[in-house]
Amino acid sequence: MEPSLADLARAVTEPRAPLDSPGTLSFAEAGLRMGAALFFGGLMGWEREYHDKAAGLRTHMTIALAACLFTLVAFDLMTLDGIAEESLRFDPIRLVEAVTAGVAFLAAGMIILRGDRVRGLTTGGGMWLAGAVGLACGAGSLGLAALATVAALVVLWLLRLIPPPLTRPHDPAEREDDPEE
């Protein structure tokens, strides 16, 4: 049975259990997850900003924080009182799809096509990854978020040290002063 609008309104407006109640996420844990999202998003954003890319520190931090918050809110909605459990269906894939679609919209704005040259793909990909890292933080998978951030920094930073023929087209006309794939 689907909850009525009145059931949802009552569940949202009635007093709720304190944050540290069993079955709810503590305020400290939520803060830790949000802080981790800010930190990991900031690391990726710092790399982009250091290399003078349009989407940098603040952009990546806010994307990761927003994705984390969407995840925390979704989990919090699952603990609303006054709604029968059988009427709630939590599909985590929908959450991932929603965050992915939102970040993809922002990332698409970073991609520029000039003639036959494309710029901004790596920055757009980094923004997309910041969203995924934020989702991981919100879900409590801080180790996974840390591992993804380290992997991203290896790709974004250390792969710049590999000679260009291995990472970019060999034809100098195709590489002309564009450090981003």
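Don't overthink the numbers, they just go from 1 along the chain as shown.
Using N, Cα and C of the backbone, Cβ positions are placed for all residues, glycine too.
Model, not experiment: these values are computed from the prediction.
Per TrEMBL, these features apply:
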- 35-161: domain 'MgtC/SapB/SrpB/YhiD N-terminal' (DOMAIN)
- 57-75: transmembrane segment (TRANSMEM)
- 95-115: transmembrane segment (TRANSMEM)
- 127-159: transmembrane segment (TRANSMEM)
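Residues of the same chain lying 6 or more positions beyond the ends of the transmembrane segment (57-75) and with a Cβ under 8 Å from any Cβ of it are 25, 30, 33-34, 36-38, 40-42, 44-46, 48-49, 90, 92, 95, 98-99, 102-103, 106, 126-127, 130-135, 137-139. In terms of DSSP secondary structure, the domain 'MgtC/SapB/SrpB/YhiD N-terminal' (35-161) contains 94 helix, 6 strand, 27 coil.
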